[in-house]
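Structure first, then comments.
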Amino acid sequence: MTTPPADPWPAPRADHPVDAVVTLPGSKSLTNRALVLASLADGPSVVRRALRSRDTSLMAAALTSLGSHVDTSGEDWVVTPGVASADAAVDCGLAGTVMRFVPPVAGLSTGAFAFDGDPHMRTRPIGEVLGALRALGVTVDDDGRGTLPFTVRGTGSVPGGLVVVDASASSQFISALLLAGARYDRGVDVRHDGKPVPSLPHIDMTVAMLREHGVEVDDSDANRWSVAPGPVKPVDHLIEPDLSNAAPFLALAALSGGSVTVRDWPRLTTQAGDALRGILERMGCVVSLDDTGLTVRGTGELHGVDEDLHDVGELAPAVAALCALATSPSHLRGIAHIRGHETDRLAALATELGALGADVTEHPDGLSLRPAPLHGGVFHTYADHRMAHAGVIVGAAVDGVLVENVATTGKTFPDFAGFWSGLL
Ligand SMILES: O=C(O)C1=C[C@@H](OP(=O)(O)O)[C@@H](O)[C@H](O)C1
Ligand SMILES: C=C(OP(=O)(O)O)C(=O)O
């Protein structure tokens, strides 16, 4: 048992170039997709090197409530599909993947499944998924606000078919319908109608994993994804390290002028975090990928950048923190949708970086930052793991930064504070 970190937590300073080789925990997005697909398969699957964190434990518990057996006792999790024998409550915590991916699966189980989550989760959007499920033949009871709480009444089968959604608030709306769609009587044909869908690499990840499970997916037209009805083959997945959670560690090399290697960085991946390679290079780092992993070397230069992060919005908090330390202005664009993440990340970043002296302007769809001297103070996280990452990045470069509720990193990274301190 690790001791909980102090709250607020004095973020350790990197007062020397940090040289480290790190092995990071598995990807949240890959683990939770692997668990969902395993629960829909026609035999048991193994999820190797599963991420053990709050979001993935909530997913395992949710799928257990729907009748699957999920053995999480070892490093490799074993999922045996099944159907529920009783009504159940599903706790989504603050996990978008649980709130969006599980209701379409619940329609295939039998019983009344009552979904709820953390207080902030009741403000994150889900209405488009609930509307789509109704159009596909699933009964959903809610109060009409399009948020938690709601109840899915599963009957053991879902007619499926064509559905139109506006997924401009979250790519997870599309992934959710695709993941369960092969098990619907007519499959699903999902069309997006609205402003551009954010985080497209995450939909590509869904499609790639469905294909690994033998599911036929047609994504040849923009804004349309069609999943043919059919069985989901059991597959053993080896989970890659979480590349988005690599951001603070690579940032440490960038800001301290050191060198950090993240072991087992895949040469080919569907993870959005892979975009860090280009972003850090544009900020002035030397980046190389070899058989050991990805190495980022800080050069002593940290340039500002102009980045459209629409596809990789989950990187925005860490990138914004680095931009606040850069020696030239930055503009981060295309990320209005991250206002619907664990907190309104644009408002939270503007407030918290600003409180430490950053010259930051909040725009409807992004942030701009100009060089300014930073100082210590309390950095609030709003229960958002990636806000905590932003706080520790600034704290590594600036004296006296205290990160409130650093333990919120447990959403996707066990004992983050202990691991981080171990490098400094
Ligand atoms: O499907 C997924 O695993 C995710 C999709 C993205 O969500 P949005 O499309 O809501 O940005 C991403 O930001 C989130 O961290 C994980
Ligand atoms: C947006 C995120 O999470 P979630 O899966 O809860 O949407 C995130 O991890 O940055």
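Keep in mind that glycine also has a Cβ here, set from the backbone N, Cα and C atoms.
Note that this is a predicted model, so its numbers are computed, not measured.
What TrEMBL records for E314 is active site, proton acceptor. Secondary structure at E314 (active site, proton acceptor), taken from DSSP and collapsed to helix, strand or coil, is helix. Neighbour list (E314 (active site, proton acceptor), Cβ cut-off 8 Å, at least 6 residues apart, same chain): S199, S244, A272, G273, I338, H341, R386.
According to TrEMBL, the phosphoenolpyruvate binding site annotation covers K28, G96, R124, Q172, R345, R386, K411. DSSP gives K411 (phosphoenolpyruvate binding site) a helix state.
Per TrEMBL, the feature 3-phosphoshikimate binding site maps to K28, S29, R33, S170, S171, Q172, S199, E314, H341. Here R33 (3-phosphoshikimate binding site) comes close to T97, F101, S175, L179, M205, T206, M209: these same-chain residues lie at least six apart in sequence, with C-beta atoms under 8 angstroms from its C-beta.
Taken from TrEMBL, the feature domain 'Enolpyruvate transferase' covers 15-417.
Checking the recorded positions S199, E314, R345, R386 for a CB within less than 6 Å of any atom of ligand 2 leaves E314, R386, listed in sequence order. Listed in sequence order, the binding-site residues among R33, R124, S199, R386 whose CB lies under 6 angstroms from an atom of ligand 1 come out as S199. Here S171 (3-phosphoshikimate binding site) is positioned 20 angstrom away from K411 (phosphoenolpyruvate binding site), judged by their C-alpha atoms.
Reported as a whole number, the C-alpha separation between S171 (3-phosphoshikimate binding site) and R124 (phosphoenolpyruvate binding site) equals 13 Å.
Cβ crowding, taken as the number of other Cβ atoms within 10 Å, peaks at R386 among the binding-site residues K28, R345, R386, K411.
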